[in-house]
Amino acid sequence: MGGDNHSVASFGDDVGLLDDDFAMGGLPATPAHGQDDITFAQDDELPSSDPMGAEFFHEDDLALQGYDDLHAPIAQQGFDDNGDLDAADAGSAPRGDRDDDEEPADTPRSKRARIVAEAPSKSAQPAHFHVTTNAAARSAKRITIDETQNFDIDEDARIAYSAPSRRPGSFGRANREAGSTLPAYHKKVSHELDSDDELMMAMRDKGYSDKQISDRLKKEQRINYDAKSISTRVQRIRVIQAERCDFELENGMKEWKMEDDYLLLRAYDLAEIEIAYEIERLRAWRFKKTAEWMRRLNKSSVFSGKACHKRYSAIMDGTAAIPCDVDNDPAQRKADMEQYRQDCEDKREKEREEKEAQDAERQRIKEEAAIRASQKALKSAEKARAKAIAAEARATQRATKKVLTSQQADENVRKQKKAAAANLAKKAAKDAERKFREEFAPKNFKHISKDTPDPRRVLDLQDLKKLCRARKINNDTPNKQGVAAKKELLKRLKDADEQLKSVQLINFCKYRNIPAGSTKIQMIYQLALCAARACDSYVEDEDEMDGGDEAEAEADMDVDEAEQEII
């Protein structure tokens, strides 16, 4: 800190030097008022004298431009346009009727003082002036009465009472629910903290934020502080506590302790360090302010803070270049300056060419990288496309395989159904064949004889003709019709059966899958019955298997009746 202390100590000397320079150059030595005021230590006190303040500044220089109408009377500012001038005059006293302690307008005062004393704005009326005067006029009219008017006041023992619009304890809130936080009302700041302020200060000392403190107060149903007002209240409490401490020290209610003295010395050192940092930070703005003041003094002096710093350091060190106009050999200096400017131009041109070459190289590298990236992206795209095509092909293959599998399953189901149907048909055929063979078994035809009626007798004429045609027997009956024709055709079939030999009958039975009977008559009857059943007009007769006399007698009676009809 040795260098810093030296710099801090020399700051007052620099300020004094600047004051002297300003005094010689005709500049004011007093610092600017307001936020730019800087308080230094006792060693860095600035001189309070103003050697040229009375000559440099004039009272007329402080006049505000464009505000000449601030001292105009009310009539000049548009006051008569409102239409309520009488009400305004009644509410405000004229200038001549003011109190004696007020200063007259013609008192010699500075313009700055007069500006502060007068209204700060051009408008002499508030925004609500017209509404206010109208309301006052209406109120005056309402309370104006005549002596002829009478008021009758009835005496009543009852007290006028109306229920309050606010619940007790609601602090002006009609909708306050039970258990909710109290509204934020003004509470005086005191050094004696209540529970809310103690909680607030304790949480602030522990580093909690304003939002967290506000939420904690609401959660514990305490006063409802807004998060923005927490920091303000904490600061006000600290100020009040410090003022209370001063009061106690002055009145002997409190004294300094040894640990407080140690803490004071340590805090003073830390404050000195912080102030040194602040001074160095302000010194960093010195040449920036210098450049600003140069422009204020001469508008054509446009220099930066960096240029001012370099030139000032060179002047103080004695290494500053002499201007060409005051040099002993101006022509040589101008030639040197021209050569220097040319060297600088060549240097800038070289740097520009190098920069352009570097930019071209960077651009080439960037373009090559872009080309490589595009090629890589193209390869990636092609690879992704090939991968997508392969995936699509695999998906198509899987779909085709799935369809083929489904078709194969359907074909297998169809084949299974067909095989099951074939098996059922085969089984039904076997059952039918078995039943057929059981029905045409020789044991069922042992009672068949020559007198047994022919089973083909129940067929119609067409079926009999078909049987004759199949046997290559003449089926024409030109001279007979109806029963006679049937009888003729049946006789022809019987005659043809009689002409067959036993071997032929056995072959016919084998061909028709009929168990051959033991006799020729039985085989003829079996073949006739099989042929009759194959016809559509066949009607099974219950007595055909029995071959009784009644059936034969009925057949003979039918034949005789047919012959009688023919005769």
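Every residue gets a Cβ built from N, Cα and C, even glycine.
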Region 'Disordered' range according to TrEMBL, out of 24-54, 396-426, 458-488: 24-54
Summary of DSSP states over the region 'Disordered' (333-364), given as helix, strand and coil counts: 32 helix, 0 strand, 0 coil
Residues in the domain 'DUF7626' (192-246) grouped by DSSP into helix, strand and remaining coil: 41 helix, 1 strand, 13 coil
Local confidence of the prediction over the domain 'DUF7626' (192-246), expressed as mean pLDDT: 93
